[in-house]
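Here is what Swiss-Prot records for this protein:
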REGION    1-26  region 'Disordered'
BINDING   Gly101, Glu124, Ile125, Asn168, Ser169, Leu188, Thr266, Glu267, Glu268  S-adenosyl-L-methionine binding site
ACT_SITE  Asp191  active site
Amino acid sequence: MSKRTREESEMEAGPSTASPGVSVSPAPALTAGEVQLLKVPQKRFYRQRAHANVFIDHELDYPKRPELMDWSTHYPAYFSQPNEDGTITQGEKKVEWADVGCGFGGLLMALAPLFPEKLMLGMEIRTSVTKYVTDRIAATRQAQSLLPADSVDTKPGGYQNVSVIKANSMKHMPNFFAKGQLEKIFFLFPDPHFKNRKHKARIITPALLAEYAYVLRPGGILYTVTDVKDLHEWMAHHLHAHPLFEYIPTETLSDDPILEAARTATEEGQKVERNKGDKWVACFRRKEDPKEEDED
């Protein structure tokens, strides 16, 4: 199929709704000798609901444990493909930053060239939104690879350090990440679930904080940003109450480019700015694990 015919067919058919699963690569495979120029995706071709029910079965693919995760399809520049017997060789690099409910990937795309040595992963439960971010990363990687080495548009790392996966982070975080693996976790403009009976579906709860504390290393930072004051107070209350998190005064992070990106780089954050709305920020540091008392 010619390049033009393939592109036209994809636009007519719309984005694929297949689940990215555990081993989907942001870069689609090409036949030998074929060159396909990828288009920057347009959101209007990716229909999606504003929110998803996290308690239903979304036919998700996830590893039984972190060491079984094939990251080679997400970060081909850093991980080898599985061995012939299906076993996976763990590389030196590990995913260290996770954007939970990454939406259209604004934060990931902003941070990737600023911190090219950090592997970042967006976790998104909506199929079409995940597909959009997958296509966005693939198109951006290809565009970077085609630039001359001395181009002013060349970005450090070429976006090889960023990927996205369709996942329910409320259920499967420990399936993807080992204890203390993550350095940063972002919860940016999450679903507020206003009704009291829906509060159990909020992304920050006492039970879920235990999961996040497990995968976040001591000294790591958990970022929350929202335009809903009630949700901000809810998240801050539960984080303050958790024994493994300590509050970081926002003013101490005033010069932090990561927090600035968390506030402004996401599509939701930009919409709040256009509407001149408020943004509520709370960041917490993971404490050291308590030492076990010696038995007498």
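Quick reminder: no glycine exception, Cβ is built from N, Cα and C everywhere.
All features noted in Swiss-Prot, drawn onto the structure.
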{"residue": "Gly101", "record": "S-adenosyl-L-methionine binding site", "CB count, 10 Å": "24"}
{"residue": "Ile125", "record": "S-adenosyl-L-methionine binding site", "CB count, 10 Å": "20"}
{"residue": "Ser169", "record": "S-adenosyl-L-methionine binding site", "CB count, 10 Å": "26"}
{"residue": "Asp191", "record": "active site", "CB count, 10 Å": "17"}
{"residue": "Thr266", "record": "S-adenosyl-L-methionine binding site", "CB count, 10 Å": "26"}
{"residue": "Glu268", "record": "S-adenosyl-L-methionine binding site", "CB count, 10 Å": "18"}
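The CA atom of Thr266 (S-adenosyl-L-methionine binding site) is located 14 Å away from the CA atom of Asp191 (active site).
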